[in-house]
Ligand SMILES: NC(=O)c1ccc[n+]([C@@H]2O[C@H](COP(=O)([O-])OP(=O)(O)OC[C@H]3O[C@@H](n4cnc5c(N)ncnc54)[C@H](OP(=O)(O)O)[C@@H]3O)[C@@H](O)[C@H]2O)c1
């Protein structure tokens with residue numbers, strides 16, 4: 001079972017989450033969710049937008065794992081005219097076959113079209129009623145967070161954002177605000193430097209660290225594990241996904257790898273700062 005971070009609600013969130021978006025977007029996630037559960041994953045990241053909450057729920061149900069051992073997130077997409085946040089979450093819970101989610105996020109602040117403060121009131125309602133054990137946000141920039149922080153009474157528990165060394169520098173003000181406010185960072189797209197933007201200035205740095213970790217630990221280490229270790233050492237949760245049991249085991253094994261040294265962390269961030277490469281968050285990075 002993966003280690004956990006403590007959210008500002010006091011609840012624990014396992015540091016590795018298995019996502020049912022990106023590679024599984026709009027697809028039946030049942031088998032891969034089962035695979036992930038059987039491999040030791042307990043944290044699942046779903047969303048209304050992924051249009052597969054029912055199959056996330058089916059995978060969970062088929063595993064027979066006790067609900068209390070799992071951490072399940074879903075995300076609010078849009079509200080239909082006259083629909084409340086509570087109506088929307090209740091519809092998700094029916095699809096998931098669950099009585100509550102552990103974390104409910106506003107997926108994308110731009111979808112609220114000026115109604116962010118109003119949406120947050122609805123989020124607070126589902127939190128108070130226990131339909132969501134924690135509430136948070138995703139793809140929020142500083143200005144979006146300030147709307148919620150200034151108008152709301154509950155501080156978001158998490159901000160799930162694109163987070164890897166090629167956006168690290170641009171994301172720093174946002175990360176600092178989250179830290180100040182006790183908002184956990186969940187990283188998605190964390191493997192982008194090797195999966196979506198290979199050949200950049202990070203490659204030789206990550207390769208050298210991978211070799212060093214292999215020598216120190218006496219076991220094979222992958223470049224994906226090096227990036228995931230960096231995410232953990234920045235204090236973030238890593239939301240990733242894979243169709244392969246070996247890769248899921250790799251993610252779970254990251255916490256047992258020796259720590260990156262402060263010199264290695266600096267080298268990753270210095271190399272990362274040489275290339276700004278956003279894959280997902282145009283709204284936040286504004287280019
Ligand atoms: N909130 C949001 O707006 C938002 C946006 C995007 C994603 N997310 C969440 O984050 C989850 C993970 O997102 P992500 O896909 O961006 O995560 P990621 O960790 O950056 O990438 C995972 C993908 O990389 C592939 N991969 C891993 N190692 C590889 C290697 N060495 N070579 C080639 N491919 C490799 C995996 O494929 P294999 O099957 O081959 O292992 C998998 O498809 C999503 O499912 C979703 O839940 C949220």
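Each Cβ is built from the backbone N, Cα and C atoms, and glycine gets one as well.
Where the annotation comes from TrEMBL, it is an automatic prediction and has not been curated.
Here TrEMBL flags 18-271 as domain 'NADP-dependent oxidoreductase'.
Secondary structure at residue 50 (active site, proton donor), taken from DSSP and collapsed to helix, strand or coil, is helix. There are 23 other Cβ atoms within 10 Å of the Cβ belonging to residue 50 (active site, proton donor). Look at TrEMBL and you will find 50 tagged as active site, proton donor.
Marked as site 'Lowers pKa of active site Tyr' by TrEMBL: 75. With a cut-off of 8 Å between CB atoms and residues at least 6 apart in sequence, the same chain places 46, 47, 48, 49, 104, 105, 106, 107, 138, 160 near residue 75 (site 'Lowers pKa of active site Tyr'), listed in sequence order.
Mapped onto three states, the DSSP output places residue 107 (substrate binding site) in coil. Of all the Cβ atoms in the protein chains shown, 21 others lie within 10 Å of the Cβ of residue 107 (substrate binding site). Under the heading substrate binding site, TrEMBL lists 107.
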